[in-house]
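As recorded in TrEMBL, the features of this protein are as follows:
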- 312-321: compositional bias 'Basic and acidic residues' (COMPBIAS)
- 328-352: compositional bias 'Low complexity' (COMPBIAS)
- 421-433: compositional bias 'Basic and acidic residues' (COMPBIAS)
- 434-445: compositional bias 'Low complexity' (COMPBIAS)
- 459-469: compositional bias 'Basic and acidic residues' (COMPBIAS)
- 312-359: region 'Disordered' (REGION)
- 420-489: region 'Disordered' (REGION)
- 14-55: repeat 'WD' (REPEAT)
- 56-87: repeat 'WD' (REPEAT)
- 98-139: repeat 'WD' (REPEAT)
- 140-181: repeat 'WD' (REPEAT)
- 182-223: repeat 'WD' (REPEAT)
- 224-265: repeat 'WD' (REPEAT)
- 266-298: repeat 'WD' (REPEAT)
Amino acid sequence: MSSVMDDPTLERHFKGHRDAVTSLDFSSNMKQIASGSVDACVMIWNTRPQMRAYRFVGHKDAVTCVQFSPSGHLVASASRDKTVRLWVPSVKGESTVFRAHTGTVRSVSFSSDGQTLLTASDDKSIKVWTVHRQKFLFSLNQHINWVRCARFSPDGRLIVSASDDKTVKLWDKNSRECIHSFCEHGGYVSHADFHPSGTCIAAACTDNTVKVWDIRTHKLLQHYPVHSATVNSLSFHPSGNYLITASSDSTLKILDLLEGRLLYTLHGHQGPASCVSFSRTGEFFASGGADEQVMLWKTNFDSVDYSEVLEQKGARDEKASVHSSYRGPSAQESGAAGQSSQKSSSTAPVSPGAGQPDSVPAALASTLQHIIGQLDVLTQTVAILEQRLTLTEDKLKECMQMQHPAHRRDAVGLLQPVKQASEDDKQASDHELLSSPASSALCADLTERSPQQQPPLMDAERSEARTEAAEPDLSTRMDLPAGELLLSA
C-alpha cells in the first residue's frame, strides 16, 4: 500500500450550521453524526449519500455539547440556556427538556450502559441523573471555577472532570468522593477523557498542551506540547494507540501513544478547530470548527502495521512530545503548512513532518532480515512439495497402466481356478454335513415319510424354489474385487 493511501483523507464535509460548531459525536452504527453549534441548533447528519440532514430547534442559546446514547436511540445536548435536552434522532425531532443547572451547561455524557447522564456546568458543579425521567441522583462540588467537561470511565465506576480552576479531578461514583486532583496545568483545562482501557486519562489545556496520566499511580505519563494555541478537544482511538486533538491554531494533530510522537498534522478548517471525535470503530473521525463546517475523515493509518507508519513518517523526533519545552514547528512542516494554505480546504493536505529518514533504523533492518529468512524457509518448503507432487504423479501413471485391457484379460483367466476351488469346497462341506449325527437323523426322518405325507407346496413357494434353483451360486464371487467380478460376468 502506498504512503498516500495510509494518510487520513477527507471524505465529506457538511454545511448547515450558521455559526461555529462546538461539539460532535458519532452514532454507534456510524450512520449519523450529531453536532451542536453557537447557532443554538442541533444537527443530525446522515453519512450515507443522498440522505438529508435533520435540524433540531429548541434551545434558546448556544449548544455547548452533544452526545449519542450507546444504543444510538437518543441524543443529549447541553446549552448555555442552562438546560439539557434528550432528542430522538429522527425526522420528527421529538425531545424532552429539563433544567439541569443554575449556569451554562458545558458538558453532557452518557454512561456506558446508557442508564445514567452526567452534566457539568459553570455553576462549578457536576450532576448525575437517570436517563429515564431525568431524575436527579447527586452532585459533586469540589471545583472552585467553571467545570468545562465531565466523563464516565468505561466501566462506569469513576468520573473525570476538567475545570477552569486548572485542575483535573478523579471521582469515585459510588462513594462520591474525589480520589485525586491533577494540578500540573499552566492554564484552564478545556477537555478530559478516559483511555479506552480505563487506566489513563488525557486532558487538553489552554496552555497549548495535552497531558496523559496513569490514574493508578497518579503519575504524568506523557506531555505533548505540539500545538501553538489552545487545545479545545481530544478523542482516543478505540484501540487506545492513538489520540487526536483539535486546536485554535486551526489544526488537528494525531499522536501515537505507544511511541510518544506526533504522526500527522491535518489542515482543513479555516479558523479554530473546536471539536473532534473518533467513530466507535475508529475507521472514521469527524471535526468541527469556527468555519461552521463538520468534516468527515477516513482514518486509514490504523489499518496498516505500525512499523510501516513509522517508516513513512520517520524523522519527526523534533516534534516528539515527551520533552519539557516546545521548540515550534520545523522548517519543513512550516513550508508544508504554507503550501497547504494555498489549497482549498476540501483537499485537506496532510503535513507528515520532515519525510523519510536518511538511513534505515537498526530495528527496521533486523525486521527485514527476519522476513528474508522466513522467505527462504518458504522457498525450501515449496521445493519439497514440488518433489512430492512429482512422485505422486509417477505413481498415478503406474496405476493407470495397470488398467490396460491386456491386464484385464489376464484377470478374467484367473477367475476359473477360483471357481473350481470354490465348487470343490462346497462338495466337501456338503459331505461333512450329511455325515454328521444330526443330519443322519434328519435323513432317516425324511425317508420314513411318504411323498403323500409331505406338506404340499404353495404356488408362491414353488415359484420361489424355482427362482432359487435358477440363480447361480455367487457366494464364491463376493470376495473378489469389483473389477474382476464385472469382467467375469
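A Cβ is built for glycine as well, from the same backbone N, Cα and C atoms used for every other residue.
Per-residue pLDDT, averaged across the repeat 'WD' (140-181), gives 96. Helix, strand and coil counts from DSSP across the repeat 'WD' (56-87) read 0 helix, 18 strand, 14 coil.
Within the chain carrying the repeat 'WD' (266-298), a Cβ under 8 angstroms from the stretch's Cβ atoms is held by residues 8-15, 17-26, 28, 30, 33, 35, 37, 43, 45, 47, 229, 232-239, 244-254, 337, 340-341, 345, 348-351, all 6 or more beyond its ends. Mapped onto DSSP classes, the repeat 'WD' (182-223) shows 0 helix, 23 strand, 19 coil. Packing against the repeat 'WD' (182-223) from elsewhere in the chain are residues 145, 148-149, 151-155, 158, 160-164, 166-170, 229-236, 238-240, 243, 245, 247, 255, 257, 260, 321-324, 326: each is 6 or more residues past its ends and has a CB under 8 Å from a CB in it. If you look at the repeat 'WD' (98-139), the same-chain residues 6 or more away from its ends with a CB under 8 A from one of its CBs are 64-71, 74, 76-80, 82-84, 86, 145-152, 154-156, 159, 161, 163, 171, 173, 176. Helix first, then strand, then coil: DSSP counts for the repeat 'WD' (98-139) stand at 3 helix, 23 strand, 16 coil. When Cβ-Cβ distances below 8 Å are used as the criterion, the repeat 'WD' (56-87) is approached by residues 19, 22-29, 32, 34-44, 93-110, 112-114, 117, 119, 121, 131, 134 of the same chain, each at least six residues removed from its ends.
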